[in-house]
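Peer 1: First, the structure itself, so that you have it in front of you.
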Amino acid sequence: MVGPLASAIQYQNSSTHTRTIPVDESHREKMRISSSFLLPLPLPLRCCPWSRCCGMGDFRPRTVWLGHPEKREQRYPRNVINNQKYNFFTFLPAVLFNQFKYFFNLYFLLLACSQFVPELRLGALYTYWVPLGLVLIITIMREAVEEIRCYLRDKEVNSQIYSKLSTRGENQRVPADMIFLRTSERNGSCFLRTDQLDGETDWKLRLPVACTQRLPTAADLLQIRSYVYAEEPNIDIHNFIGTFTREDGDPPVNESLSIENTLWASTVVASGTVVGVVIYTGRELRSVMNTSNPRHKVGLFDLEVNCLTKILFGALVVVSLVMVALQHFAGRWYLQIFRFLLLFSHIVPISLRVNLDMGKMVFSWMIKKDSKIPGTMVRASTIPEQLGRISYLLTDKTGTLTQNEMVFRRLHLGTVAYGMDSMDEVQSHVFSAYTQGVKTLLYNSDSSSRAPAATKVRKTISSRVHEAVKAIALVHNVTPVYEANGVTDQAEAEQHYEDTCRVYQASSPDEVSLVQWTESVGLTLVGRDQSSMQLRTPTGQILNFTILQIFPFTYESKRMGIIVRDESTGEITFYMKGADVVMAGIVQYNDWLEEECGNMAREGLRVLVVSKKSLTEEQYQDFEARYVQAKLSVHDRSLKVATVIESLEMEMELLCLTGVEDQLQTDVRPTLEILRNAGIKVWMLTGDKLETATCTAKNAHLITRNQDIHIFRSVTTRGEAHLELNAFRRKHDCALVISGDSLEVCLKYYEYEFMELACQCPAVVCCRCTPTQKAQIVRLLQERTGKLTCAVGDGGNDVSMIQEADCGVGVEGKEGKQASLAADFSVTQFKHLGRLLMVHGRNSYKRSAALSQFVIHRSLCISAMQAVFSSVFFFASVPLYQGFLTIGYSTVYTMFPVFSLVLDKDVKSEVAMLYPELYKDLLKGRPLSFKTFLIWVLISIYQGSIIMYGALLLFESEFVHIVAISFTSLILTELLMVALTIQTWHWLMIVGELLSLACYVASLVFLHEFIDVYFITTVSFLWKVTAITLVSCLPLYILKYLRRRFSPPNYSKLTS
């Protein structure tokens, strides 16, 4: 390979130094393989981390000379991976800064630091520093592990020696953006897979520079005087403008370069060996420039917990001020305020965030280990509880609701149509065309006026069918590839066109289905290279065609064309196929195209219009001269090339329509039914045409049979949009179908009104949507409704929508893994979405709510006891518990039972799937609300007061007895409250309860400083603790029983 700074191609050592690069998919967006091992001369090192001082701040066009590094005009970025967030020096400061930039972490740091002030010290330093230190250590260790893993992955990739790309390594990826110079393939081309670039898994054809491909050996690349001119780096992965110039030729050679001559980084070479010249490296790679930093998603549940924590902090300040006020602000009252703030600091639980983060890790692990949704991945472990509160689901169509597996269903010739049950007629027409001779057939059909009318019609239909089938077999980018099958080797199979060894490669499954259909009716594509194509007739005859020009399909043109010369007759024909919206203005006038396209689209078929135009030799030569001149243009090349091609696209003969069906994914209908019953509104956002999208929505039961549909007519002005919105407003309980163009007009002038009406619809279908519009719809739903959204897609065009939604779910489909890699959650099939939401989402949210409220309850209990204690002893700022008792309470003694709530569940997963209405209850946010929060606050105050007053009333002589009675009662109360909260017992919950109790009993031996060991062995201690614990817990158990008896929750009716 040749780089911008290279003087030679390091091909000589390819036999000993060829190494494959194991690419981790987590690096898909920042793929930069170290080219310092590619080139004999090292790439320039940057003098500092910032590129601008090295002259690399601006993107500029470049001229890259083959074998002449001294002619380098500028410096280029290093081609290395660096996905680390920190380095050795910045790691600790950056991690600490990220922790303490949040108010509450800073609050606990200030509390701990205040203990160095003698007037504010309330006990041993470790009582404040140990909890804070544990939180920080866990965070630092997590960040360190991620950084080390990232460093090792980067180092492994950056240390590879790379001389030559070959098929010896599976999924071997191109290390830098290159121009394709040479290939070892006999047909002079190769195929690429661009799944990590644009999300598509289909193979794309790439062509080497013709001048360098004709050289005898790769070594001759260094002997010629040539250079590549490349445009400035940009984000467009589908287009490229450049030229290749060889100066020592006679005359000098000047070839235009386009996307077909490129090998972008991170793509996979499918066949043969390729040699290229590197034109972009590092941050200038197309794959790197297309990286978008997805927004950092903070769950609604986390925001609600933060809100409750702020309320607790306000309560902390109020309690502290009240205590000082009850002292009548005597003495140094401002110091007393700070002491009370420290004394009641348990009101704001420092362990809340740690418990919730650990709970989310458990929920993510449960999702990944669920055998009923195999292959499901959690890529954002911070928001699993979001899955339990989704109100709007926005889904792509192709590859998500449908399989992206195309099946040919219909051939329409205008006067006659052939379906799946009449394909044998097409086969007989094709067979008769080649057995009787095509020319004879046409001659008879045109000149025999004395023949019966029926015979004339039959022969005319035969010729039309033959022309249509031949056009479909020629106008495509499909290449047949032959593979060894154990009986026949590859070379023999390719030589004899073995049907059993042939596999079709193409950039679109539509094209493969069309070519497979022509094979089934008798006309088989058996060979293809850069300049020719071979078809085999039903009689075994090989038809040879020379490919003169190919105009590939683009999203802008919505059509593709090919100019071929029939070697047997010398006829030149221009074939074209495309979408009906563009082909209607290209073909000759007819009265059936629009109607039949609509009919086929209503059946859910993808429709293509096929046409042809015969060219004379003079017409083609004139076109070729203008076309080559336009392709050599550096400025406005695309416009000039399109203008030249459009000069041919006039008055073309309409041959046929083809209809291809994209089948539904498995269990799409029951999954959508589950989501609808759960109260989730489903919107389908697709790039397909309106009729196809509507038909798929009906077929998938997104729109039910008895539901009215309002098709929003096309609008272009504000007035039209106003009238159409008024017409839509008069309809009720009606599904909406709208195109992307009309949607854009409505959002421009009547955004609020449109969103208000659309949100009332049971289902919405948006067709002809761009990726930007998909993301815009998600954003508007979030802003206008305040509800949580979930976006589901499988292609690169769904990434923006997935990243914008509150929960992004990627489906690993035929369009690649780009969507699943960019998503928060990844599933292998759409049907897994039902269980992901109904079971895991519901459980995660309910468990998180229970865990957070219990952690708050645990902290408020001990704070209430402290408040009672201080009040009884004349509002003194003296701690009730000191030393290890304070730390052990929220860690060793109660941590395991409280955290075991992440295993609790109210109903079995089968019941949750059978009754999705249970999910609807969560949409109101009842598991964690101000009402439930207030209830837990009252419970905490009641239990804390009972325990403290009980201990004060029942203690006999020494203060240490108060500590022993109250602390033991507190621990037992917490363990019993966990048991009261649990709805379904798990064996780990029992282990947690017993382990915590055992730890407390065992630790009493070492706590003689705080607890009288002899006193706790007496009967007096045991009955006092028992009495206090019963008074604090028994009323709550009675209330729970009465509530379940007279006002049971919905889930209890299903479990009883």
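Just so it is clear, glycine is given a Cβ too, placed from its N, Cα and C backbone atoms.
What TrEMBL says about a protein is an automatic prediction, not a curated fact.
Copied straight from TrEMBL:
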| type | residues | note |
| --- | --- | --- |
| TRANSMEM | 86-104 | transmembrane segment |
| TRANSMEM | 124-145 | transmembrane segment |
| TRANSMEM | 311-330 | transmembrane segment |
| TRANSMEM | 336-356 | transmembrane segment |
| ACT_SITE | Asp396 | active site, 4-aspartylphosphate intermediate |
| BINDING | Asp396, Thr398, Asp794, Asp798 | Mg(2+) binding site |
| BINDING | Asp396, Lys397, Thr398, Glu511, Phe553, Lys577, Arg606, Thr686, Gly687, Asp688, Arg768, Lys774, Asn797, Asp798 | ATP binding site |
| DOMAIN | 821-1048 | domain 'P-type ATPase C-terminal' |
| TRANSMEM | 855-878 | transmembrane segment |
| TRANSMEM | 884-903 | transmembrane segment |
| TRANSMEM | 933-953 | transmembrane segment |
| TRANSMEM | 959-980 | transmembrane segment |
| TRANSMEM | 987-1007 | transmembrane segment |
| TRANSMEM | 1013-1039 | transmembrane segment |
Peer 1: Asp396, Asp798: which of these recorded positions has the sparsest Cβ neighbourhood within 10 Å?
Peer 2: Asp396
Peer 1: Using a 10 Å cut-off between Cα atoms, which of these binding-site residues sit near Asp798 (Mg(2+) binding site): Phe553, Arg606, Arg768?
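Peer 2: Checking Cα-Cα distances against Asp798 (Mg(2+) binding site), none of the binding-site residues falls within 10 Å.
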Peer 1: List only the single closest residue to Arg606 (ATP binding site), chosen from the recorded positions Asp396, Thr398, Asp794 by CA-CA distance.
Peer 2: Thr398
Peer 1: Could you check which of the recorded positions (Asp396, Thr398, Asp794) sits closest to Phe553 (ATP binding site), going Cα to Cα?
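Peer 2: Given the candidates Asp396, Thr398, Asp794, the nearest one is Thr398.
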Peer 1: Pop the Cα-Cα gap between Arg768 (ATP binding site) and Thr398 (Mg(2+) binding site) into the table, whole Å please.
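Peer 2: That separation, Cα to Cα, works out to 12 Å.
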Peer 1: How many Å lie between the Cα of Asp396 (active site, 4-aspartylphosphate intermediate) and the Cα of Arg768 (ATP binding site)?
Peer 2: 11
Peer 1: Mind checking which of Arg768, Asp794 has the fewest other CB atoms within 10 A of its CB? They're the binding-site residues.
Peer 2: Arg768
Peer 1: Average pLDDT across the domain 'P-type ATPase C-terminal' (821-1048)?
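Peer 2: Here the mean pLDDT over the domain 'P-type ATPase C-terminal' (821-1048) amounts to 88.
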Peer 1: Ten-angstrom check, please: count other Cβ atoms within 10 Å of the Cβ of Thr398 (Mg(2+) binding site), all chains counted.
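Peer 2: A count of 25.
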Peer 1: How many Å lie between the Cα of Arg768 (ATP binding site) and the Cα of Asp794 (Mg(2+) binding site)?
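Peer 2: Arg768 (ATP binding site) and Asp794 (Mg(2+) binding site) have their Cα atoms 17 Å apart.
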Peer 1: Over the residue list Asp396, Lys397, Thr398, Glu511, Phe553, Lys577, Arg606, Thr686, Gly687, Asp688, Arg768, Lys774, Asn797, Asp798, recorded for ATP, what is the maximum interresidue Cα distance in Å?
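Peer 2: Roughly 28 Å, rounded to the nearest whole number.
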Peer 1: Give the number of CB atoms, excluding that of Arg606 (ATP binding site) itself, located within 10 Å of its CB.
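Peer 2: I count 20 other Cβ atoms within 10 Å of it.
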Peer 1: With the cut-off set at 10 Å between Cβ atoms, which of these binding-site residues ends up with the most neighbours? Options: Gly687, Asn797.
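Peer 2: The residue with the most neighbouring Cβ atoms within 10 Å is Asn797.
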